[in-house]
Structures are given as C-alpha cells and as structure tokens.
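A.B. asks: Have a look at this one before I ask anything.
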Amino acid sequence: MRGLRFRHAPAARAQAPQRLHPGMTIALSAPAGTFPEGAVAKVSACLEQRGYRVRLGRHVFRRDRYLAGEDALRAQDLWQALEDPTVDAVFCLRGGYGSSRLLTRLPFCDMKGPCKIFLGYSDVTFLHAALGTLAGWITFHGPNAVEWVEHPADCAHTLAFLEGRKAFSWPFEQPQILHDGRASGPLVGGNLTCLTHLLGTPWAPNFHGRLLFLEDKNEAPYRIDRMLVHLALAGVFHAVKAVVCGPFVGCGDPDEIRTLFAEHVLPYGIPVVMDLPFGHDRWNHVLPLGVTYRLDTATQSFQAEEAVFSEP
C-alpha cells in the first residue's frame, strides 16, 4: 500500500538570507532543552573572536524542568530575535526537546522582516519546518551552538558555510547508494522523529516534488521501522523525488537501518543515498533547507542548484 497522495501545488522560491560577515549580530536562542550556563559564554567567545556581535535572549538562562525556561518566555525570546531588524542571524543553542511546544505561540505567517539565517538541528526540525512552510524561509540545518564548547574548531567550520566560503556540494561513494537515479527539487526534512510528529499539522512541509532529508539518533530499529511506515502511509514517499540520509547514530546495526529504508522506500523507485555528513555525526555540515538541489548517483554528487544567499 502506497498511502495517500499529496495534492499541494509547487511553492514559489523560498526567501534567501544575506550571507554572514564579521560585524554582523548573531542572536543565541534557547527554544528547547537545557544546557550548562557556562556554555553560553564559551559560545559567545567563539563568535566574538571571529568578529561577530552576540546578543542573548532576555530569558536564555531560565529553567523549567527539562526545558530552557517556560514556553511563553522561550517563544518571546525567539520571536524577538527573528523579528529584530538589528539581528542578522539566529543560532539555536540546543535541541533536545521543547521546540514543538512553541509552534502555536509563534505567528510565522505574520513575519514582517526579511529572511535571516536560522541555524540548528534535531528538535529544532519543528522550527525549520514552520519557517519554511509558513514564512517561506530558507533555513540552515546545522550544529546547535553549545556543541562548539566541546569542539571549538567546529564554529569556524560552520561559519565557513554561512559566510559563503564553503560550497554546498557533497560527493558520496558507491556503497552509500541504496537506489540509483537522479532528481532535482527543493529540500525539506530533518530529524525523522520530529518530522513524523509534524505530519497532519499545519507546520508540516509540502513534500510534493521535494527531496527529503532524514537523520536521527538513539532510536531503536523497530522505532525507525514504525516511523518509515508512518511516512509511507501518509504518502510522503509517493510525493518526494528522492531521499538523502544522514547517519542514524546509536540506532543499532547500520545494515539493519539500510534494510528498513530498502523495504519502505525502494518500492517507490526513487533514488536513495545514505550516510551523508549531516545531523548527529562528528562533522555536522550546514545543509540549507528550502533550496533546490540536484542528486545524481551516476556522478555521485549532491549539490545546491541555486543561490543560497540573497547577494552574490
């Protein structure tokens, strides 16, 4: 059974932000889980040493159980950063859990300011989807900033992408190919668990004619199985043109994960490539969402086909 079919019309090109350059202001936001308070000073120092101004949300050090403050305060800080014309980019400090609790509190359809760089991953998938679906933004799937405390060099690696010094193009090898083919279209997706929870909501991406990116961490194989079945029954694999995957870290035997994707995605005849360097991996490359990409297993390449930033 191939599930339901999506009937969305193709959307207009997403809004692109300006690339970063030293002197710009970066807001650090805490939309989800908690983190050590001392991490914020270290993250700020990483950015300031590279010439950026750093702005903190008023409530960034609040705590509410496993959340980085009460929902209303986390939403207030994030919205102020997104709408403040003096802020050039918003970097999420951590994922974990909590981003989905903000969706009904943020009027994404009413955003007035220009698109700006929004960076994060994992639980931040909920916010990527909302900004892409309702505001029409290009957003940036990439490291949550507290990870730079353990790996300071990763800050420079991330900025190389966001400053336009590193191309959004990735080669891959034959063993990573699960099904051959080529496809082109806007990229949507993120964390598999979060994306599955978005299905049936107003914040879910439009999958029609898209390339789908998936990754996850610490989910048992039977849970990956269940989520892939859910996506199939919801018509997602019928709608998309290709599937590209980051690693599934701590999810059991990688061969078993490949088998699950073979069982649930290959019947649709679309190209599938595994283990690209995005997500819960040591090197979590910056991956713009909402941008048109070309995937070609013949040339073993995955690359952006259009400008990611709004200026040359």
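Using N, Cα and C of the backbone, Cβ positions are placed for all residues, glycine too.
According to TrEMBL:
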DOMAIN    26-142  domain 'LD-carboxypeptidase N-terminal'
ACT_SITE  SER122  active site, nucleophile
DOMAIN    184-295  domain 'LD-carboxypeptidase C-terminal'
ACT_SITE  GLU215  active site, charge relay system
ACT_SITE  HIS280  active site, charge relay system
A.B. asks: Could you give me three numbers for the domain 'LD-carboxypeptidase C-terminal' (184-295), the DSSP helix, strand and coil residue counts?
C.D. replies: 39 helix, 32 strand, 41 coil
A.B. asks: Measure from the Cβ of the residue listed as 'active site, nucleophile' and count the other Cβ atoms within 10 Å, all protein chains considered.
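C.D. replies: Looking across every protein chain shown, the total is 27.
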A.B. asks: Non-local Cβ contacts of GLU215 (active site, charge relay system) (under 8 Å, 6 or more apart, same chain)?
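C.D. replies: Within the chain, GLU215 (active site, charge relay system) has Cβ neighbours under 8 Å at GLY190, ASN191, LEU192, CYS245, GLY246, PRO247, PHE248, PHE278, GLY279, HIS280.
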A.B. asks: What is the pLDDT of the domain 'LD-carboxypeptidase N-terminal' (26-142) when averaged and given as a whole number?
C.D. replies: 96
A.B. asks: How many helix, strand and coil residues does the domain 'LD-carboxypeptidase N-terminal' (26-142) contain under DSSP?
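C.D. replies: Secondary-structure composition of the domain 'LD-carboxypeptidase N-terminal' (26-142): 49 helix, 23 strand, 45 coil.
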